[in-house]
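According to TrEMBL, the protein has these features:
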{"type": "SITE", "residues": "ARG22", "note": "site 'Transition state stabilizer'"}
{"type": "SITE", "residues": "LYS29", "note": "site 'Transition state stabilizer'"}
{"type": "SITE", "residues": "ARG158", "note": "site 'Positions MEP for the nucleophilic attack'"}
{"type": "SITE", "residues": "LYS210", "note": "site 'Positions MEP for the nucleophilic attack'"}
Amino acid sequence: MNNSDSDSPVVALVPAAGRGVRLGENMPKAFVAVGGTPMVRLAVDGLLASGAVDRIIVMVPVELVESAVALLPPSDAVRVVVGGAERTDSVRAGIAAAPDAGYYLVHDAARALTPPALIARVAAELRAGRRAVVPALPVVDTVKTVDQDGVVTGTPNRAALRAIQTPQGFAADLLRAAYETNVLATDDAGLVERLGAEVHTIPGDPMAFKITTPLDLMLAETVCNAARSV
Ligand code: CTP
Ligand code: MG
């Protein structure tokens, strides 16, 4: 069913159920603090501050549901559910928790410093009729493909490459259809592309970077401290 019209609800789905293996802290990444505040709280605060989101579903590890409820803003608009083993499982759990959405914004807790204005721009594109919208930035490194032995097999034209961020926005029926296919993907738009749907890019924002490694966490801390001292 296509229930996306310009006043149907925008529901943000926040995957926060990952283990944070690459970050290597002693707790799941979304619960690690940046500038004193857990990433998942920063991400939810950013979504609320955008003014573009009606409800938020946060997917967390099963043992951290109560902690998440305690650290998130006490609001009827924010709900915590149990995520899954893979990111796609977590997003699927979020979709199931908000079956009445007209639009979904899927937004990683790990992109904790995403500017609210970027979130609002993605939502505005959806309300204007786009069915799949992702923030994108030009790629600064040259990217190569390699085979199993690490031998270079190709160098895609960098001008045609983009690094994709979140929030990724979708008409709800399109994302639901994409998740009915049972494939794994590193982003939600990847599943939508496989349905043959057109995915539009809008300019991303460097501050929407994903906190993945200890170096990323240092960068995020530095940015928070700098923002505090102005
Ligand atoms: N995520 C999730 N459920 C999973 C795996 C990931 O909700 N089973 C979420 C993470 O919490 C994060 C986002 O998806 O907010 C992006 O994933 P990633 O950066 O890979 O985070 P982690 O999986 O936690 O990190 P790592 O891969 O290093 O373990
Ligand atoms: Mg991961």
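Positions of Cβ are set from backbone N, Cα and C atoms, glycine also.
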Task: Listed in sequence order, residues with CB under 8 A of LYS210 (site 'Positions MEP for the nucleophilic attack') and six or more positions away - done: ASP108, ALA110, ARG111, GLN165, ASP216
Open item on the list: Give me the CA-CA distance between ARG158 (site 'Positions MEP for the nucleophilic attack') and LYS29 (site 'Transition state stabilizer'), in Å, as a whole number.
Closed with: 31
- [ ] Within 10 Å of each Cβ, count the other Cβ atoms and name the one among the recorded sites ARG22, LYS29, ARG158 with the highest count.
- [x] LYS29
Task: Conformational class of ARG158 (site 'Positions MEP for the nucleophilic attack') under the three-state DSSP mapping - done: helix
TODO: Would you mind reading off the Cα separation of ARG22 (site 'Transition state stabilizer') from LYS29 (site 'Transition state stabilizer'), to the nearest angstrom?
DONE: 9
